[in-house]
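Novice: Annotated domain 'Sphingolipid delta4-desaturase N-terminal' per TrEMBL: 5-43, in sequence order. Under the heading transmembrane segment, TrEMBL lists 43-61, 68-87, 107-124, 187-204, 210-231.
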Amino acid sequence: MGNRVTRGDFEWVYTEQPHTQRRKEILAKYPEIKTLMGPDPHLKWIVSGMVFMQLLACYLVKDLSWKWIFFWAYAFGGCINHSLTLAIHDISHNVAFGNKQAKWNRWFAIFANLPVGIPYSASFKKYHIDHHRYLGGDSLDVDIPTDFEGWFFCTPLRKLLWLFLQPLFYSLRPLYVNPKAITRMEILNALVQFSIDLIIYYLWGLKPVIYLIAGTILCLGFHPISGHFIAEHYMFLKGYETYSYYGPLNWLTFNVGYHMEHHDFPSIPGCRLPMVKKIAAEYYDNLPHHQSWIRVLWDFVFDDTLGPYSRVKRLCKLAKES
């Protein structure tokens, strides 16, 4: 893995991310993988069905008691909302309509954002590009926890609290680590989102709005699906900074578990990532991976060697914008 030096409590490396070289090697050996790139023709219909399912749920929960609002938010609505955030992740790579229809992808991401209750898609797109380009990059990859998070959330109870507060840290960390100017698309995202929230409130009252937002916050926090946040890049084995998960929850999350494959080929939609693993099996079968996101969360909380500091960091030079 190259020369490795410890600075603070993060794992500092002075090599490039592994995905670039592996991508070159795989494409040289299996050029047919290029045929997997391009839009997923089913994504827009699946996402549309999920959005309308949540709008129907808003109508159905409007007269429920508050305890059932929060129960269904966690057990049902939040699962759909979390899945939609992962659809937005895929859409941010232009796999809904293709690279030639970039604006269509941006607007469709705003549509997929509607049940989430909070404007998210435009800001996610802006920072997610950096996560791929500068994986682990100091002050560039906002997926990396801050020094405060690593220092403070270091006991089982504090790590549990950190998992509950993950939506808060993911929202605020970019503003501290790598602040960027607000874009026109972010403003439009917020205007559309809050307009829909107000319409739902006008039609059916406060409970459906709380159902949507609470589901998002709860299921992006301490929830089995949220195991993917920890599973993807936290260093469970020294020297490995990206991990895949091959369990059944991939069916609900647009195959986000195929994360090594995704970072190797971000332009391939989630539905085709299992084909990447199948074609180039020798590159993935012997790499460490996860089989359970619940086990990932358990180990993260109770293993003293794991915590927010368990991330690879590197210094990256800014790429020239074309």
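Any Cβ shown, glycine's included, is placed from N, Cα and C.
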Novice: Considering only the recorded stretches 43-61, 68-87, 187-204, 210-231, state which has the highest number of Cβ pairs under 8 Å to the transmembrane segment (107-124).
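Specialist: Comparing 43-61, 68-87, 187-204, 210-231 against the transmembrane segment (107-124), the winner is 187-204.
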Novice: Going by DSSP assignments with H, G and I as helix and E and B as strand, what are the residue counts for the domain 'Sphingolipid delta4-desaturase N-terminal' (5-43)?
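Specialist: For the domain 'Sphingolipid delta4-desaturase N-terminal' (5-43), the helix, strand and coil counts are 19 helix, 7 strand, 13 coil.
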Novice: Take a look at 43-61, 68-87, 187-204 and tell me which one has the most Cβ pairs under 8 Å to the transmembrane segment (210-231).
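Specialist: It is 68-87 that shares the most Cβ pairs under 8 Å with the transmembrane segment (210-231).
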Novice: How about long-range neighbours of the transmembrane segment (187-204): same chain, 6 or more residues beyond its ends, C-beta under 8 Å?
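Specialist: 55, 58-59, 62, 110, 113-114, 116-123, 212.
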Novice: Report the mean pLDDT of the predicted model across the domain 'Sphingolipid delta4-desaturase N-terminal' (5-43), rounded to a whole number.
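Specialist: A mean pLDDT of 91 is what the model gives the domain 'Sphingolipid delta4-desaturase N-terminal' (5-43).
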